[in-house]
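Here is the structure we will look at, set down as structure tokens.
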């Protein structure tokens, strides 16, 4: 029910593992081809125990359930740090408890199970791993993995009988009846010849049947001590002594990043761009100090040596922070992940210098594929992870980390290389990965509700104004099918040369790779398709045959929207004429956008190809052209694409006349007019046009300085981030929270200093005047605000306007006048080029539908996608990226990075530590795979909701498989519960009881349940292991 996890009985666990393996060649969603096989001959030793890999899951969400531990092992984790236990084992935690959007915050502590249940989960996993290892990776040298116990939080609690029983049973379970029970269960399974034959294990029969007797009764020889933030030094030392002296356990003690002191921690976070993370200085006052730690560690190392045991430190604990995000409950939350790395690695350097590299370090602070090689090469081991495994790719990131380590020459190091660690600690403060800007702030999202079925979607496509087939054309490029890729692009994009240069690429802000490393350079790939595919595409292209039955179309305006409309309609056989008042086509792209942003020949390329489709151009047309005139000339459809060619300007006091409006200025600049602007130019506004004006002004002879003045802050600035960065690169200066009031003849520009108030209707904080002013000495002023339609001209043209003076149009851009459409910026104000093309597509789609032309998009099926191939990419992070200058290497790299999310998404499956979301192939749906939620496995941590691109929560909104009647009754999720020959079903808060036969077939299914019952039948027939028993 909800956040109550239900453990899987051991026998059922084995059934789940091997039935899924037989059915799907996967275990807990990990495909067989991605089971990690350690490199032979490379091992590490941790206090005398051998480990085939130095990596594994940290004590946390990935080691709470048996299936989590199994999944960690399958993907390369061999040092398994079990989730922390404590005497208070019946705490109720508020949910959600994890926020892993970037750096991770959590509000969870120890295991959510009782001590007995936690021990039982670890025991199940202990047996399961021995079996899996014997089946898939047999070895004569014994087990390849280490279980490490994690306990907390004070000595009094640890000495309580339940904790003593837990620790003792972890150290030796020989007298516990569960150990004998599970050994008998395993023995029975391995004596079953049918089981061995089904999985091709007959040749291993002898060794497998001897396995149960060989499984050690001691699960752990080591412990990691976890103490609360603020635990007194004497208490920490006392617990360590107890573990060494009384329990005889090799011991790691977990220390806090607060050892660096408040000032240093604050400095590091601020330098790396994480200044918004709130800290309480008094928390540092209560924590262990460095001098105290050094003295304590020296005493404990001596004690361990005396007892012939191992002792070291676990670095580091999470960092206690103020809960100022509002995503999690409570006043405090605990930070981990990449923001923790520079802190933890600097703690490691401080301690290693003090102990000359002889202090063993178990590491966990911000380890990832981008840092693990550097950490390992210093001699630090083992290395455990939690935050990185909560990101898309999930457990597969462990495998990726191991592949990074396979080539290391540091496997034989038996101490910490202090010099190397010092260099890493210094580098950690400046490396890209630890800087906040490394991950853009944009959230990958689809602005629609999460559907019950068919939820696989490529967010790059949904973000695109023309819904370009991005994953498909990237795959074609990767296969060197450049002309095919370009043909696919042309299906939806009339202007690939233009949009290959100046598209606002919303696709890249919604690329799933942002949750891994960086977005694909999609716009550059479009450019490559045109460069490499054009010649072949043009050879096989045929001019569309015009049809005498098609109605003629007039388009007023030959800018991007007009060109696109002409292309789409002419391609479908319509006679199209574009009427343009200028002497050329291209509109704002040709005449306003500076040519340093896009070469003129590329603009002409798109114009020429539109003309090649038979589109006619009439230049120098009267601005007084009306809809009625065009209708009288025989045009059935009229599309208006006149753009936004008016500037409202800025009202200023003063008598300086050296004031330009942005559009006239850029038009004159593009003509090559000899402009006299003086030395210092100020541009008012902070949109893309303002960036163009400032960059253009700097290229005018005599101009030495260009300053953009904006009345809001950087965060509210409407310009695309890319345009802002280009302006900075060119040397443009910025003055935020300044608003011009007066421009005097002597060049004095008076600016009112502003502050930010409450958000406006667009979510931007309103600028509020202060009593302060500043002055600048300025030669010319350019106003780049208030671009809008010429509503007077529209009214004269005969366009109906609404009460606010905007064109009154429907979703397709059609006005109240039948067959008259508004497209491009004139429809709703200035936007991007691709958005203008998008409005043209919607209008032309409506026209073609009205003309009974089914579609102007080819139905050719471009990709026979192999999901296994895509899944291979899921755990990988690109350590280095090649430059786009090397076209072949760049295309190969980006094609390999594309996750093709509309074919294989399953992010909610990846990121769930408990494996509570599953993807199964179900025939008869649009998507090959459907996502189900397993109620029994879920604790509602909220992580799947964080990374799902839809507006929704998979653990609440997807079809839920219930295992217990009480959980079904206490939930509102859509889902089902199979009870022998009947199924209880819930959808939209309505419930049904249906009969199901032994073959999984229903009778009399209500129409609204067709999809759900098809899935239920498929699960019943092919994935019955998902319906297995659970413990109450």
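Using N, Cα and C of the backbone, Cβ positions are placed for all residues, glycine too.
Feature annotations, reproduced from Swiss-Prot:
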- 928-958: domain '4Fe-4S ferredoxin-type' (DOMAIN)
- 938, 941, 944, 948: [4Fe-4S] cluster binding site (BINDING)
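Here the features listed in Swiss-Prot are painted onto the structure.
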residue: 938; record: [4Fe-4S] cluster binding site; Cβ neighbours (10 Å): 25
residue: 941; record: [4Fe-4S] cluster binding site; Cβ neighbours (10 Å): 27
residue: 944; record: [4Fe-4S] cluster binding site; Cβ neighbours (10 Å): 25
residue: 948; record: [4Fe-4S] cluster binding site; Cβ neighbours (10 Å): 25
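Other than the site residues 938, 941, 944, 948, same-chain residues with C-beta atoms no more than 8 angstroms from the centre of those residues' C-beta atoms, the [4Fe-4S] cluster site, are 908, 911, 912, 916, 917, 940, 942, 943, 945, 946, 953, 954, 955. For the domain '4Fe-4S ferredoxin-type' (928-958), the DSSP-based tally of helix, strand and coil residues reads 12 helix, 7 strand, 12 coil. Note on the domain '4Fe-4S ferredoxin-type' (928-958): mean pLDDT across this stretch is 97.
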